[in-house]
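Asker: In case it helps, TrEMBL gives these features for our protein:
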type: BINDING; residues: CYS214, CYS296, CYS297; note: Zn(2+) binding site
type: DOMAIN; residues: 10-311; note: domain 'Hcy-binding'
Amino acid sequence: QLSTMDSKKKGILERLNAGEVVVGDGGYVLQLERRGYVKAGHWTPEAAVEHPEAVLQLHREFLRAGADVMQTFTFYSSEDKLKISGNVTTITGSQINEAACDLARQVANEGGALVAGGVSQTPSYRNDNNESEIKAIFKKQMDDFLKKDIDFFIVEFFEHVEEAVWAVEVLKTSGKPVGATLCISPEGDKHRVPPGECAVRLVKAGADIVGVNCHLDPLTDIRTVKLMKEGLERAGLKAHLMVQPLGFHTPECNHSGYINLPEFPFALETRAMTRWDMHKYAREAYKAGIRYIGGCCGFEPYHIRAISEELSAERGFLPPASEKHGPWGAALEMHTKPWVRARARREYWENLLPASGRPTCPSMATPDADLTPWTISLEKKKKKKENARSVHREMSAY
């Protein structure tokens, strides 16, 4: 059976409480940058106003691939981020937020999907860490979304759990469900707060759904979500689990993820995951108890279709895009070449070891040093302690 979610009246928590698998959409900023609508660097989403047709098309492709949620194209649309980016001078954050909501709602209504208003980390947190000022930024964004009556909120791409907690606290005042995903590794957030503790803080702040997005590959992000789940269980807390990882292989697994890889952001194609990688990801996420499964940067519509196809038995239907796709290469059965016909089977694609076609390239890279203000501060503290110990040893020698 080919279908999309027709339970439009059911909210995100109703679906998750019923044990349904909710398939998220994929990455917008990276895809739209490649298509010529977003400028790399600050990655701001003014295309929602400047080129709405491009955003609509990508929404439709994700919907056709089986996404149950259309996330507003509002990544980095806070006023402080827009100001420092220099990408826009005549378009406000409110204009972007409201236009993005309209686009997401238009497409969501075409297939019974939900609309999620996305709020992301702010430059102000790194600059002055003023809680009241940062919460005011989130409040302004929340008001924009509430004008458009979005279905729920997603707090996404936060490197520091403290700032994510502030966002959750603000958005919960709306009365809408709130999901919160951090872009962290199994090591924790930028202050090394462990994933389990991060999850506890988010749920205590009011998050209904917690998890991880971006920065690292699917299986690494699943590891992090498992740690979050364990932390919640130890604390006697419950929340739905969510994962929206990169569509790239990042086996080096450094703390800051793909941003520190030498290929970021303009040569990541060699790391792209195949649709068959996504089948494995979807199954592993489901086995881990995660029921909101989507993607972030690098995820294209065919990746979302792969998730939908892998979990079609659990969901009870296939997406419309599967009309043009045979399961596990079945469409190759009629190929004129016998060696290609032989690839029309699951075993072939599951066991394939793809070649890069680049004989002089290494299989792994050396990530750049994670020289964030926090790590620089940490290194200074370590040196201070080492110096103090050295002085202590010298004094003890007398």
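Backbone N, Cα and C atoms are what each Cβ position is placed from, and that goes for glycine too.
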Asker: Excluding near sequence neighbours, so keeping only residues 6 or more apart in the same chain, what lies with its CB under 8 A of CYS296 (Zn(2+) binding site)?
Answerer: GLY26, GLY27, PHE157, ASN213, CYS214, GLN244, PRO245, LEU246, GLY247
Asker: On the 0 to 100 scale, where does the mean pLDDT of the domain 'Hcy-binding' (10-311) fall?
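Answerer: When the pLDDT values over the domain 'Hcy-binding' (10-311) are averaged, the result is 96.
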Asker: Which residues does CYS297 (Zn(2+) binding site) neighbour through Cβ under 8 Å, counting only same-chain ones at least six apart?
Answerer: GLY27, VAL29, LEU30, CYS214, LEU246, GLY247, PHE248, TYR258
